[in-house]
Amino acid sequence: MLLLLAEYLQQFHKGFAVFQYLSLRGILGVLTALVLSLWMGPWLIRTLQLRQIGQAVRTDGPQSHLSKSGTPTMGGALILSAIGISTLLWADLANRYVWVVLAVTLLFGAIGWVDDYRKVIEKNSRGLPSRWKYFWQSVFGLGAAIFLYMTAQTPVETTLILPLLKNIEIPLGIGFVILTYFVIVGSSNAVNLTDGLDGLAIMPTVMVGGGLGIFCYLSGNVNFAEYLLIPYIPGSGELIVFCGALIGAGLGFLWFNTYPAQVFMGDVGALALGAALGTIAVIVRQEVVLFIMGGVFVMETLSVMIQVASFKLTGKRVFRMAPIHHHFELKGWPEPRVIVRFWIITVILVLVGLATLKLR
């Protein structure tokens with residue numbers, strides 16, 4: 001929106017051409033979303049408290065979590081609002097990738113909103129029935145996958161890229177739709193499973209979003225892409241604005257979500273942010289790198305899958321409780337220790353993911 005204004009004002013003063021730089025608009029995206037989050041946060045928390053929109057806590061979980069009952073939830077609406085406003089202000093609105101990622105983020109956020117709302121109304125932690133949650137996730141995930149497949153302009157946009165392996169590209173054809181579906185829906189649910197402790201999900205999301213933002217910037221520049229042997233995806237660089245907005249909104253939300261949390265993001269935030277990360281990774285053809293950088297999300301998801309499979313097959317549990325962050329809590333780790341150690345793991349994994357740029 002403001003980019004269009006800057007382009008118009010260039011005819012009066014050449015200084016407005018500075019807004020053509022992606023790096024500047026990415027930074028402005030961070031700052032705008034951060035300020036919006038910090039500004040709207042207190043108002044949102046007060047509103048949620050007045051309307052008694054509080055978190056319902058599982059009674060079979062760690063006893064320390066019982067004190068969290070009633071903490072305002074659905075704070076993800078703050079994150080999505082800041083991301084949306086900042087992106088619309090600073091991104092090129094003629095870019096199809098910007099609209100795809102925004103649409104996926106808001107649609108998955110809508111699923112989470114309904115889920116959170118039902119939890120609040122029914123005063124339990126079940127929310128929207130799983131079959132309906134997965135149904136709508138599948139509808140929106142497949143919709144995004146089909147759109148990206150149908151609008152692909154070059155073969156590389158539907159090709160599987162394997163990091164660390166030079167010049168190895170696997171054309172996916174219609175398989176691109178299937179892979180994209182699983183990446184988007186899987187990422188959405190993985191972040192949601194991770195969102196069980198104060199600040200546990202949002203900081204890794206910010207870190208992974210920052211890492212993917214770097215890939216977006218590089219993939220959108222033909223010179224960088226050729227030098228680093230990564231796919232050149234015209235227009236993908238514009239997603240650095242969205243990633244910047246995600247970083248700013250996430251950090252602003254963390255101000256209120258850090259231990260002990262004043263507000264939880266709820267499914268409205270977790271489902272949306274996970275889907276956004278998955279969609280961005282698909283666009284820049286870095287699904288494998290997302291798997292690496294989002295290792296904490298993968299670990300949380302696998303712990304649930306292993307726990308369920310083990311109990312159904314043998315009647316025994318592998319972990320004291322799943323997702324795995326609860327396992328460590330029940331082992332006696334204080335909540336802040338679990339959170340910070342998972343953050344440290346994410347820092348390392350994001351650096352490993354970025355290292356694949358040179359290890360080819």
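Any Cβ shown, glycine's included, is placed from N, Cα and C.
What Swiss-Prot records for 25-45 (among others) is transmembrane segment.
Through the fold, the transmembrane segment (74-94) approaches residues 1-4, 25, 28-29, 32-34, 36-37, 40-41, 44-45, 48, 53, 102, 105-106, 109, 112-113, 116-117, 120, 202, 238, 241-242, 244-246, 248-250, 252-253, 256-257, 263-270, 272-273 of its own chain, all at least 6 residues removed from its boundaries and within a Cβ separation under 8 Å. Sequence annotations record features per position, and here Swiss-Prot assigns transmembrane segment to 74-94 (among others).
What Swiss-Prot lists as transmembrane segment is 97-117 (among others), and the listing cites sequence analysis.
The feature transmembrane segment is assigned by Swiss-Prot to 132-152 (among others). For the transmembrane segment (132-152), same-chain residues at least 6 beyond its ends with a Cβ under 8 Å from one of its own Cβ atoms are 96, 100, 103-104, 107-108, 111, 115, 158, 174, 176-178, 180-181, 184-185, 188-189, 271, 275, 279, 282-283.
Residues or ranges marked as transmembrane segment in Swiss-Prot: 168-188 (among others).
Annotation comment: Swiss-Prot describes 199-219 (among others) as transmembrane segment.
Swiss-Prot lists 236-256 (among others) with the feature transmembrane segment. Here the transmembrane segment (236-256) has Cβ contacts under 8 Å with residues 22-23, 25-38, 41, 45, 75, 78-80, 82-83, 86-87, 90-92, 95, 97-98, 101-102, 199, 202-203, 205-206, 209-210, 212-213, 216-217, 219-221, 262-263, 265, 269, 273, 276, 280, 283-284 of the same chain, all six or more residues outside its ends.
Residues or ranges marked as transmembrane segment by Swiss-Prot on the basis of sequence analysis: 263-283 (among others). Remote same-chain residues near the transmembrane segment (263-283) are listed as 41, 44-45, 48, 55, 71-80, 97, 100-101, 104-113, 115-116, 127, 137, 140-141, 144-145, 148, 179-180, 183-192, 194-195, 201-202, 205, 208-209, 212, 216, 233, 236, 239, 242-243, 246, 250, 253, 256-257, 289-290, 294, 297 (criterion: CB distance under 8 Å, separation of at least six residues from the stretch ends).
Feature annotation from Swiss-Prot assigns transmembrane segment to 288-308 (among others).
Taken from Swiss-Prot, the feature transmembrane segment applies to 338-358 (among others).
Across 25-45, 97-117, 199-219, 288-308, 338-358, the stretch most heavily in contact with the transmembrane segment (168-188), judged by Cβ pairs under 8 Å, is 288-308.
Using a Cβ-Cβ cut-off under 8 Å and counting only residues 6 or more beyond its ends in the same chain, the transmembrane segment (25-45) has close neighbours at 3, 19, 72, 75, 77-79, 81-83, 85-87, 89-91, 213, 217, 240-249, 251-253, 255-256, 262-263. Where the transmembrane segment (338-358) meets the stretches 97-117, 199-219, 288-308, the count of C-beta pairs under 8 angstroms peaks at 199-219. Proximity of distant same-chain residues to the transmembrane segment (97-117), defined by a Cβ-Cβ separation under 8 Å and at least 6 residues beyond the stretch ends, is recorded for 73-74, 76-77, 80, 83-84, 87-88, 91, 127-128, 133, 136-137, 140-141, 144, 147-148, 184, 188, 192, 235-236, 238-239, 241-242, 266-276, 279-280, 283.
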